[in-house]
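Notes follow the structure.
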């Protein structure tokens, strides 16, 4: 599982700027979840081989007792509880405050790994103006400038170094997956019906479930079998033990959702027909796409809406989730057990598509046929020339195309190629990534 880093500190010390640096973005992939918009933002980043999740929090006053400040304190405490390491941000220019002392006292009491960061330290003599922060009792002070990117790499080295992370395993992209269980995550916002659907499945299959071994950061996974196909159901709804089996309860955790999506082979994205497509649905869908996971859409509570509402909902899905056009969509009622059979078929089909093997001769033939049908547009004196294609990975499938001047290939032409490949290999329910590798000889592709 990806380690989780929480940024805490009093208001206006530069946490959000640092967050944007750590995620290399001005808007995290998963941000502004409903009910958390002013308090917690979630994003992801990478340092070398290690990926991580970052939580940005509102200004923290541990002892706040009323109003918005109490809610912000509660949200920050939740972020700290979710985190593996805390980055405590102070303002190097304004110096230490009573609030900093209160936050440090709270963090010392928790005993969680912590990195003390003095932001806005650009142009300051190192060590001279930061001495007072040693009084906080959290060890060395790391000067950084989030605005200029100074010290950010050192910050990540310190934060991740405290966790003794193992080297990420190099997965064989062509490992035989036929005999492995399909890892399935049911994702969706709170009260969309995840727990009802999971409990329906568990009840149907009369499962004996158990915790899989792993670290405390691991999501619970429940192994089960259906029609001869083995699955592992990865928890996002909050599975609790009931005797020798699990039942699901509604318990929404952004971090758990992100980690469960990362751990999955296939994500079943559940949408509430009575609520329509919300911003939160779109954010989760965006994270699924960015993670490269196979995905199936299921619109739950379909029996609770009339024909007009159904038409409007279908249009909304086509518009707001247009980037998931490749995903099969089902209309179900988890409570009444309607539409669940075809849903299983699509889950298996999506996994098959995500892990299919595409021979180089077939890919190259398809590429040549596509080029013959529609030649890439010429840009200036250069025209992209495509030579051959091969598979570069699975789950999601990656097709690598080699040639000359491929940097001039338009996004529209890439979509054209994607459509041809999808049709040939029946790639339903999975993202498809196309990588272009061009010759570095600037004269190789000039039109004479």
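Any Cβ shown, glycine's included, is placed from N, Cα and C.
Sequence annotations record features per position, and here Swiss-Prot assigns GTP 1 binding site to 9-16, 56-60, 119-122. What Swiss-Prot lists as GTP 2 binding site is 188-195, 235-239, 300-303, and the listing cites sequence analysis. Marked as domain 'EngA-type G 1' by Swiss-Prot: 3-167. Positions annotated as domain 'EngA-type G 2' by Swiss-Prot: 182-355.
For the domain 'EngA-type G 2' (182-355), the predicted model reports an average pLDDT of 79. Across the structure, residue 191 (GTP 2 binding site) and residue 9 (GTP 1 binding site) are spaced 32 Å apart at their Cα atoms. Looking at residue 302 (GTP 2 binding site) and residue 12 (GTP 1 binding site), their Cα atoms lie 45 Å from each other. In this structure the C-alpha atoms belonging to residue 12 (GTP 1 binding site) and residue 194 (GTP 2 binding site) are separated by 38 Å.
Residue 194 (GTP 2 binding site) and residue 15 (GTP 1 binding site) are 33 Å apart (CA-CA, integer value). Mapped onto three states, the DSSP output places residue 194 (GTP 2 binding site) in helix. The distance from the Cα of residue 188 (GTP 2 binding site) to the Cα of residue 57 (GTP 1 binding site) comes to 22 Å.
Residue 121 (GTP 1 binding site) sits 46 Å from residue 194 (GTP 2 binding site), taking the C-alpha atoms as the reference points.
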